[in-house]
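Trainee: Below is a structure I'd like to ask you about.
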DNA sequence: TTGTCTTCCCTTTTT
DNA sequence: GGGAAGACAA
């Protein structure tokens, strides 16, 4: 192997090595020599490989130095992986490259040179919760009601400004020229809007600056500012980073785009003349209306730095966060002499999966046509499943996973569940726990958002940066020191009037008007305790874990939690011990560790950082959102919740742009799968504690029928094979058409109050089963439902022969899933991180929640009764109620309330065995009965062939509407109707209480 | 001032 | 259903 080490520690690879195994396009992308390169990398086209090889190419073929490389990724995990790959390619010298996220890179630059924009190097980074807290304070100080003017909304407007590099002065000038920030004023009379936002932006920014703090968006914006106002710093970085690489370029926002531009020097070098003039104009046009700041006036060097960006416009899924897809679409206009190389050959998925992906994405208008292809064969068909409800969906998935592992040779780690929103994870967690399937949940409630962890971190932030008012006020009375609202307000007011920080005010309590000794004493004690902590931290700066331990002890946080008896508080103690472990790990992995560095690493973690690194053992099924899944791949992927309103999300459905993004998200999801893809949906979904009828996602319609093998095509309601059918659940529908009691009986796809469906029905018949009788009603219903799905244990499934599982499907299922009894789980904490794990040591575990790490090893021990308190609310389903002998039986699901009107009736638990039998319709305790649409689904007499676009209809609930599209799917035909102010609804024709006019 | 009860929103997606 | 902020009483 020809290794040439002209620079110590850099392994110089030969051209042959670096091009080995690449296809012509990849090879071209690696070698292309020029100032600007866009690699259009379709999903699974080997872009990371190309990117790392290109970096190695720069080092070995162009004699670049590692320190001249800046490679930007979107997540820490991606950065870490790229660094690892580079290290294997070029050796330890890879450590000298900057391979990091935008945010980390900016922190690094600001710590070094932030003085130019007024940032002391110990600045703190506010997360969203901190920002909301600050905004709420500001609002209250200005006579605004945080309920009326939602801090989150204001902050999102501010975030938009920052992403477009609009400073507060600019906003103020435009929308509230008379407003004087920093002075007491009442904004209570202002309506939410640009003017108010501008005022609050100014106040917010003023407070951030006083607190020597930044929020996430500031990291980018202020770095750009710094490069623009500090010629020395700009020159330094422009000279340093000769080669800039940006991954996931389609997800950059305007600020990030300008940052790249600033660093490249494309606007400031002689190389930018000529063609660059045009490009500059294009750039400016692109930024039209955003008025970003003046660019640095002087060229610093002869040539712009070389920029390589990689991305796929079809995978742009962060527009909601300000990502501007035009950055990638206009790259060739923005950067002079840019070259584009497209990678379309896919090395990941089967042709079937790619066909589905292509079919879905091709419906997006205005995209550059692109078609993924593979040399792999067609592979297995996509498997579809339509469950009756979300519970059954999760159970079916659990069963199928058990089968995949038992029969098809997959491991749990091969499998991922992807959903649109985090809230969907719970059902799957429950089903997996019950089935003994080890899983790992990515995202959701984050470790660092837990109260006790945030409190502790606030202490640390105050120690490094006592000006941080938000954190200081947060911990003033944590643990309780008898310092309430009043004391805090006195100090805060004083600080405000004196123009000093909260911390400084604490040093002058005797000056504060209205101060009583009862308040002054604990205030003094607090201040001197903090001084001690600061002194301690100064001595032990390189050992954050010691500082954490010391803070937890000295502050009394730990003691307060330990005193509390209940389990929840104990879990919190464990979270804090994990925080300590995270600090210890940071310390070990970071040569120049410091408290500030630790805080920074904590502030910038992302959900995806919880994912195990490559090569790490992945022994569990992964659950995550589609967003988090970007960049990952799994042999088996379950795309769940494929329903209108769930995915696409209801909030996106009336907006063309957002729908396009949803579609890209679907594309991302589909292309994560390598060998097997599943798509599942539920006919009814419980959301906000209420059930809603769901229609199939339009993305399912977009996938050609021949690609999907439906294990179950319709829900029992849709197919009319509901087990309740024979009872004539539709007696209740006698009143159909005339009766308003069927409110919501429209199968409409989504949107708040207009949703409804079978529950409206049930409710009508039962006097409000879904909401009326509260807990017991719900328990009963879920019990009944669980019963339906699982029937009973082991040998007695209780399924009727027409139950729509294939025999294959549940033979394995039952065996693998329902062995043990689980009633000893006493969980009360639901989804919390209960921290029962002490798996702190290994890399990658540091950011992982305890729950996920401990699942990894749990294996099949779930389902047995010894799993401690990992319970979740779901076990409540097995809770005794109404004196029945529940719980003596098996898993939480197996038990059931008794009574439903349907043929399935219920299982009653007897002698630890669940039996299925038919029972009279009255459910004990609830008075509820259940009914569901049966085969005798009522007809409104409408046939799809009678309806045409433009026809007027009258709907019982929505009133007059006009048909804007019809979809003939036989019994399941759907019409889309515009009801004016009630919005556009997709209605299942045969269900809609509607007539043609 | 603290603890408990009530109400409100919540659910997009995240660096 | 559930967490968190606000309202209210001890």
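The first residue you see is number 1, and the count goes up from there.
Positions of Cβ are set from backbone N, Cα and C atoms, glycine also.
TrEMBL feature annotations, pasted as is:
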- A:20-350: domain 'UvrD-like helicase ATP-binding' (DOMAIN)
- A:41, A:42, A:43, A:44, A:45, A:46, A:47, A:48: ATP binding site (BINDING)
- A:351-631: domain 'UvrD-like helicase C-terminal' (DOMAIN)
- A:744-753: compositional bias 'Low complexity' (COMPBIAS)
- A:744-793: region 'Disordered' (REGION)
- A:754-775: compositional bias 'Gly residues' (COMPBIAS)
- A:779-788: compositional bias 'Basic and acidic residues' (COMPBIAS)
- A:816-864: compositional bias 'Low complexity' (COMPBIAS)
- A:816-942: region 'Disordered' (REGION)
- A:891-905: compositional bias 'Gly residues' (COMPBIAS)
- A:923-938: compositional bias 'Low complexity' (COMPBIAS)
Trainee: Take the domain 'UvrD-like helicase ATP-binding' (A:20-350) and average the pLDDT across it for me.
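Mentor: Across the domain 'UvrD-like helicase ATP-binding' (A:20-350), the average pLDDT comes out at 85.
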Trainee: Neighbourhood of the ATP site (A:41, A:42, A:43, A:44, A:45, A:46, A:47, A:48): other residues with Cβ within 8 Å of the Cβ centroid, in order?
Mentor: A:50, A:312, A:343, A:346, A:347, A:348
Trainee: Fewest other C-beta atoms within 10 angstroms of its own C-beta: which of the binding-site residues A:45, A:48 fits that?
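Mentor: Comparing Cβ neighbour counts within 10 Å for the binding-site residues A:45, A:48 gives A:48.
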Trainee: Once near-sequence residues are set aside, which residues in the chain of residue A:46 (ATP binding site), 6 or more away, have Cβ atoms under 8 Å from its Cβ?
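Mentor: Same-chain residues close to residue A:46 (ATP binding site) (Cβ under 8 Å, separated by 6 or more) are A:22, A:26, A:343, A:347.
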Trainee: Within its own chain, what residues at least 6 apart in sequence put their Cβ under 8 Å from the Cβ of residue A:41 (ATP binding site), listed in sequence order?
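Mentor: For residue A:41 (ATP binding site), the qualifying residues are A:47, A:50, A:310, A:311, A:312, A:343.
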Trainee: Give the three-state DSSP assignment (helix, strand or coil) for residue A:48 (ATP binding site).
Mentor: helix
Trainee: Under 8 Å Cβ to Cβ from residue A:43 (ATP binding site), same chain, six or more residues apart: give me those in sequence order, or none if nothing qualifies.
Mentor: A:312, A:314, A:315, A:346, A:348, A:349, A:357, A:372, A:667, A:668, A:671
Trainee: Tell me, how many other CB atoms lie within 10 A of the CB of residue A:47 (ATP binding site), whichever protein chain they belong to?
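Mentor: The Cβ of residue A:47 (ATP binding site) has 22 Cβ neighbours within 10 Å.
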